Structure formats: structure tokens, C-alpha cells
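Enquirer: Pasting a structure below so you can have a look.
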Amino acid sequence: MSHSDYNFDIEQNAFEKEAPKVSIERKGDVVEEEVIATGEVENYAEPKSRNFLQRFFDDFKPALTTRGDGVALKRKLTSRHMQMISVGGAIGSGLYVGSGSAFADGGPASVIINYILIGIMMIFVIYALGELAIAYPVAGSFNTYATRFIDPAWGFAVSWNYFLNYFVTCPLELTTCAITFKFWTEINSAAWISIFLAVVIVINLFGVRAYGEVEFILSTIKVIATVGFIILAIIINCGGVPTDHRGYIGGSIIKQKPFRHGFKGFCSVFTTAAFSFSGTEIIGLAAAEVGNPRKSVPSAVKQVFWRIAIFYVVSLILIGLLVSPDDPRLMGNGDVSVSPFVLAIQEANIKGLPSVFNAVIIISVVSVTNSTTYTAARTLQGMATLKQAPKFFSYTDRVGRPLIAMVVVLLFGFFAYINEADKNGSDISDTVFDWLLAISGLSSFFTWGSICLSHIMFRLAFKKQGHSLKELGFVSPMGIWGSVIGLGFNILCLMAEFYVSLFLIGGSPNANDFFQGYLAACIALAFFIGYKIYDRSHIPSLDKLDIDTGLKTYDNQDEEKEEYSSKGPLNILKKAWNAVC
């Protein structure tokens, strides 16, 4: 069989000048799907008749198409996957579980105000990310943007900070799964950790398509459950549940103690709210593996507003109306910890339903664990392609899995078994996990702030070098000022966390608690200074900033004519729908 039996379709990659996108097709059948790749086709083996085991083991071999840095991520995510990743991706333990400690620390009014503020900030961040992701749909996404548009040293610091955030989250989420099961039984937590770790490993072994399908299913369940809870909570508040002897509740609970622990309590909720929204930016990473980012990413970005408005703000307002922040069962108030969502249902004396929602919480935690593994592995691989991590982490197999990076992340998941060390009466696991959280605690603020700053630098350089916004496939309606506001919000949140870390709620300043709250900032600064000394990188001027390499431009006028070819009311409705969805 000769090369004449194959058609090679090579297209310029989205980010590298010498980075063709290669699809190899044999006459009569497809040998390889399109991949994000650069460089040359290497080590091609002619397709043969193979059984399942042969195909399975061959899939772990180096990718058929590789580039100099070894990346060959496949575009296997569809618009359907992107929609659910954006809507349900961050509906997880941060909302269902973490919000309990926020109510205990700051009270319902602080929670509602802070989540609205962080939600507004996230809208600015995600629209900026959407614009960049369409222009440069690359592996590494926003970490790559920070390296290119801000400073290589800062990109290095943010990338490692972001990776560590998701790297340490895997065992933490597995532990949350085990704790959540204690609602029903006191079975050894190691058993539950083993089960869920095995599930996550299997999902990731099947590659990005499996990740997309699993997230689609789990996110659908989370969305349905949250909408169902909102409807039920309204009925409970209005006194429509026969088993709830409290009758009409209205605002009687929230009026009792809207704020807890004063200004300190208010500031403390910032970090909890940020943790809840953590993961929203994953759509930027997924842009490198979606078939048509020009159509899929903008739609996913627009869905973020509705998710924030409905799933976060509305549900937390209803929690504030139904659950007292002084309840000792609330997470953060005592030894017996229950999700505020489950607690709201329990208070209405509805039998069976608390168990159903607790199961939904477990599903959401599995979803978050799956997403953290996906994100950490892709981030580590992206860093390796930029020479910010050892090169072997860029290894990608034939089905598009960043195999070595993925294995390292999954192996760290076994760290969750440290919970078993507490059986002898010690609290070693609490201490270890507190410091693991400290390593990653502020990562989201650095990442989101960097996205905004990257967008600002990109826009300024884009204008300086004579480009028009009409060349872009998607333009953030918030503009450059939206990114300025988003960056300011992130700086404000970092200041608030510094204040809370230094002046503890109910305690005096001490080094241990301060570094548990602010260690991530120290680590990011150390990464930045260390790389700056090593690489002696500098920030280029706007007129010299390279924005042309790999920039994907679009003829938006032709696309709009095709998309809105119909006239009349139908066209108006179509435009209105696309503006918000």
C-alpha cells in the first residue's frame, strides 16, 4: 500500500505558524479523525484487521499525527457537550456543599450579595475568554494567553497555580463523596473512595468523547434536580407542603440574622463563592477539543449568565429563606454536616426526598472530580507544550488522551486514602487537606484576573496594529471595559481574602491560619520571580505583541447573511434567541 492510497488534508493550526491541522483519510474509509496537531505525520502504520484487544493497546501508542511538542488533542466535543459543560460544569460541591459554610460564616444576606457580585464578575471573565478562545482555540487556553499576551513568567506562575488547584482537588472531591455517604451509613469511607476513583479512572480511559458524554448526562441530572429544588423551595416557603407545620415562612428566617460575624463574615464568603464558580472557565480548555468552536463556544458563553442567575442566585435566595445560619447541622457549624439543600427539604418533613437530593449531590461531586481530572491533565499537557513543564507530559496517544499527564493526576487521587489515618484518633487528614486547600485556594482569582488582563492586552494590541473587531469570530459585548471591571473585581477579592486571613473570624492573627488562607498567593509570586530570574522574560510593547500567529479570522458578514436569510418575525426571534442563548 502506497501514499497514493491516502488523501492528506492539511490546514493551518489555530495558534502556531508551523502547526498544520491534519486529517488522514484512506480511500473508502477514515483512518484518523481530525486532530489539533503541528509538525509532521510520523510513524504511520498501515491499518490492518485487528481485534478489540489489539485496537485497545494500539490506542495507547503515540498519536498518529504529532507536532514538535507532541500535542494531538482531538476535536470530539460537540455543541451539545459544550452547552451542558457550560450550564452544569460548575454546579457541584461548591454550590451544594460549600455554600453551607458560607451561610454559617457570613449569613444569608452576605451569601446572596457575594454570589451576585462574583456572578457579575464571572460574566465579564467568560465573555472575555469566549472572544480569545474563538480567536485562538488552542491547547492550554487561558494559560497560553497569559504567557503570550501578558508575560511568560506570569503565564508560568498562573499555569502552575491553576494546575495545582485542580491537581489537589481530585482527592478532596473523593473525600467529599465519602463524607456525603455518611448521610445514610457509616461504612468505611475507603470503600466509597475506591468505587468513585475507579469510576473516574474508567471515564478518563475512554478519552475526551467519554468525558463529554458523561458530563452531558451528569449535568442534565444536576440541572433537572436544581430546577426541581427551586420549584419545591417556593412551595415550601409559601406553606404548600402538608407535612411542614411551619406554614407560610416568607422572610421570617432571613430577617432573624441576615449577616453573621460582621464585615469579616461578609469578606469570608468571597472565597467560598469563588470556589463555587470554579470550573466555569473549563469551556476555554474545551474549545481546543470541540468540532466547531466558532458556533459552539459563543453559545456556551451566553449560557453562563442563565446558570448564574437561575442556578446560583435564585437557589441560594431560597436557601436563605428556608434555612437558619445558626442551625448546628449546617456545614461549618458543627460535627454533623448536612448540605443546606438537603437541610431545607428535611425541615419540611418530606420523607425520602432528602435521600434523593443527597444522591444528586454525590452525582455532582463525581462530575466535579471527572472535570478536575480532565482539566488538570490538559493544563499539565499545555504547560509541557510551552516548555513550562517536563516535555514528556505532552505525550498524547492515538485517541487524543494526554496519557502521562492524566496518569499522574489520577495517581494523586489515591491520596484520598489518607482519611484512614484518622482511625487512631489523630486528625492528620484534616491537617493535610487544609494545607492542600491552602496551595490552591486563590487559584481562581489569579486565573480569572489573568483572563481579563490577557483580553485587555489583546484588544489594545489588536487596535494598535490596525485590526478591526469585524475580523473576530466572536466579540465580547462587554468590551475592554468589561475586562477592566472583571480584573478590578478579582483584585478586590484578593484584598478581602488577605483581610480575612490576617484577621480571623473569632480568633486573633497567627501565621498558621494566615498562610492557610493566603499561601497560594505566595506560591504564585515565587513561581513568577523564579521564572523571571531563570528566563529573564520581558513584556513586549503593544506594537510588537504577536497577535497574528495563529489568529483565526472570519467573514462575519457572509455568515450572518446565511444565518439570517429568512425575513419577517421568524428572523427577529432567531436574532433575539441567539443574542441570549
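Each residue, glycine too, has its Cβ placed from N, Cα and C.
On a predicted model such as this, the values are computed, not experimentally measured, just so you know.
Annotations per Swiss-Prot:
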- 84-104: transmembrane segment (TRANSMEM)
- 109-129: transmembrane segment (TRANSMEM)
- 149-169: transmembrane segment (TRANSMEM)
- 187-207: transmembrane segment (TRANSMEM)
- 216-236: transmembrane segment (TRANSMEM)
- 266-286: transmembrane segment (TRANSMEM)
- 304-324: transmembrane segment (TRANSMEM)
- 348-368: transmembrane segment (TRANSMEM)
- 399-419: transmembrane segment (TRANSMEM)
- 432-452: transmembrane segment (TRANSMEM)
- 485-505: transmembrane segment (TRANSMEM)
- 514-534: transmembrane segment (TRANSMEM)
Enquirer: Out of 109-129, 149-169, 348-368, 432-452, 514-534, which stretch touches the transmembrane segment (266-286) the most, going by CB pairs under 8 Å?
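Expert: When the Cβ pairs under 8 Å are tallied, 109-129 comes out ahead.
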Enquirer: Is the transmembrane segment (109-129) in contact with the transmembrane segment (514-534), using at least 3 Cβ pairs under 8 Å (sequence separation of 6 or more) as the test?
Expert: no
Enquirer: Let me check one thing: do the transmembrane segment (485-505) and the transmembrane segment (149-169) come into contact, meaning three or more Cβ pairs under 8 Å with sequence separation of at least 6?
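Expert: No, the transmembrane segment (485-505) does not contact the transmembrane segment (149-169).
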Enquirer: For the transmembrane segment (348-368), which stretch among 109-129, 187-207, 216-236, 432-452 has the most Cβ pairs under 8 A?
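Expert: The listed stretch sharing the most Cβ pairs with the transmembrane segment (348-368) is 216-236.
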Enquirer: Give the nonlocal contacts of the transmembrane segment (187-207) in its own chain as ranges (CB under 8 Å, at least six residues past its ends).
Expert: 74, 76, 170, 174-175, 177-179, 181, 214, 365-366, 369-370, 373-374, 377, 399-401, 406, 410, 413-414, 416-417, 419-420
Enquirer: At least three Cβ pairs under 8 Å linking the transmembrane segment (432-452) and the transmembrane segment (216-236), pairs spaced 6 or more in sequence?
Expert: no
Enquirer: Restricting to the same chain and to residues at least six past its boundaries, which positions have a Cβ under 8 Å from a Cβ of the transmembrane segment (304-324)?
Expert: 86-88, 90-91, 95, 99, 103, 108-109, 111-112, 115-116, 119, 122-123, 126, 223, 226-227, 229-230, 233-234, 236-237, 249-251, 253-254, 256-257, 276-277, 280, 330, 340-341, 343-344, 347-348, 580-581
